[in-house]
Structure formats: structure tokens, C-alpha cells
């Protein structure tokens, strides 16, 4: 088990930061989370939790909480933008659990955040502590905060997202704008009545754009994201802009994207995969390590894999955190690089113009719609600790 005398500081109270803190504190470790925001507010709306991520959350004791707040997806269904012609349907539901040992959940980010914060005492998360820089010393790491305060730790875990401050002490690079922007919103469940009997993820693919939507909040609300090519990362945009952008799309898509009372617009960023995720006593998790485009819906799920791998490595090397993070790095770099590479490729495939390339893509999707083709992503990965390898939370 992890050395209980080690002091661990986590920067960032997102999915990765809260989860790793919960696992470490379960082991009696002095672990504190430093979050720049003055209060915990979950940014965003829907999250797709695939079995590789759900297994981790089940291992934390959140099985009942996920079942109560999430929506168990029956399928991922892909259709063509204009006429709604079916392209592929990947069955999930019971089949997913049979293959991968956990369901596929659709959940509101705020609900997931509440599940994770319930695992920690309020004193474990220090709010309003914005990290300005990381100073690595021979015997410790010192965090410097923007308010002039400092904190020392034996190990610092950077879980502070795509614009990570902690990452600067490990890798010198910058986020890359991917050339796409996403509009996100929430609409009433009545907008997509078919979700009542067939809760699923809907993908609509078209030239230069795609739309995803699915039920969240126990089926009471539908989350959508509408992605389009955008050469410049400009702010703003509302439902009226979406109505114009998707004016020639299928009626259901138009109804979804124009039914929100408000939408948010975000540029999509990633970074190249570096040659390391750690240096000495500093290690990166989640988007701080490998920010990835969202086309595989793996942001939170890969972060959860990071957490179980890191904690498993710390368990295996008590008293030697630097060796543990080197092992974590060697295990996670190849895996996350493959997910990252495939996500970038899908950025092109999802937005092809109508024509021969689009037809070929649709045929490939039909040929791989059986969920067994997702074993590389959703199944247990050789050499990586999984939730069942970690002591369960009572």
C-alpha cells in the first residue's frame, strides 16, 4: 500500500483530482486538493462514462450513486445529417456489461462532481488556491499560489486541465487550437421523446459539422454538443446561430440545437503527446497530461484510468514515489498516445463532405458496430491496474 507518511498535493478539483484524492485518503495518506475556483462548480454538461471509467467509479463505492443519477445507455446510434439515414448502431446495455463488466452511463457533470465530492471531507479541498508555479527541491516540492502563500509536499499531482500550470514544470509546450468549436446546451427531455424508451447516444455526421446528444439527469434533460469547423477561436454564439448553421439538417437535429434557452461556446484544444508525464516528484493526470479531442468521449474515462494506474504504482512501491511515477508514466504513455491519435483522426472522419470518402467511412462504421470492436478501449488493458485491483471503499 501507499506509504502513509507521504504528503501528496493535488492541483485541480476536477474528475481526476477528486478521484485520486479519494483513493489516496482511503489509504490514510495526507492528501490535499488545491483548487483555483472560489467554489466547486462543475463546468460543462454531459459526460459519457464508458465501462473503463465506470469500473473505477464502482471500485470507489459509487455503484448506487451512478445508477441513481446516470442514464444507462442502450446504444450509440449514428445517422446521416440530412435525411437521418442510419449509418451504424452499437448495442450497449446488457451486452456492454457482459463484455466489459460495467454499463455505459450518461451523466450530468454536476452529478458526477457531487458523487466524487461526497467521498471527501470538506477540509480535503482548499478553494481559491490558484497555483502560480511549482518549485521542485531535492527533498520536496513547493507550490506557490497567486495569493503569495505556499505549500510543500513530497509528491505533486497535476490535475489542472488542458491549461495546466503544473505541466509547465514537466513539459514546455502550449495548447493547440484544433480548428473546431463546440456549442453545448441542455434541452427538456420532451424534445427527444424516443429517449424515454430507448436511451442512447445520438451522433449525426455531416460536412464540416457533427452533433451529439443524449439524456442526462436521470432522463429529465438532454445534453447536446454541436461541433463545427472554426478557423478562429472566437467567443459567443447562441441558439440563433445554431439555427442558421444547422438549417438544412434533419428536423430532429434542428429541434434539439434550437431548443436550449442558452448555449456555451468553447474552442477545442489538445496538445501533442509529450515524451514524459512526470519529472522527479511531479506527475500529471488527465487533461493536464494528455488533453485529447472529444471524438472518442474519453476525457474523463482516460483520467480515471490514469488515477487507478498511478495509485496502483504507488501501492506497489511504498516509500519510493519517484519510482512509482516512472512506472505510471511508462504504462500510461503508450495507451493515452493511441487514444489521442485515434481521436485526432476522427476529427477529420466525422466532418467529411458528402462523396466517396464519406461513403467509405460509413461502410467502415457499419463493419465495426459490434461492441466487441471496442475491446481495445473499454476492456481491461494488459499491465494496467483496474478498479478491482484496488482496495474497495466500504
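Every residue gets a Cβ built from N, Cα and C, even glycine.
Record features, source Swiss-Prot:
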type	residues	note
BINDING	16, 109, 287	FAD binding site
ACT_SITE	214	active site, proton acceptor
Practice item. Look up residue 214 (active site, proton acceptor) in the DSSP assignment and reduce it to helix, strand or coil. Key: strand
Point to revise | Those binding-site residues listed as 109, 287, and which of them has the most Cβ atoms within 10 Å of its own Cβ | key: 287
Point to revise | FAD site shell beyond 16, 109, 287, criterion: Cβ within 8 Å of Cβ centroid | key: 14, 15, 159, 161, 286, 299, 300, 303
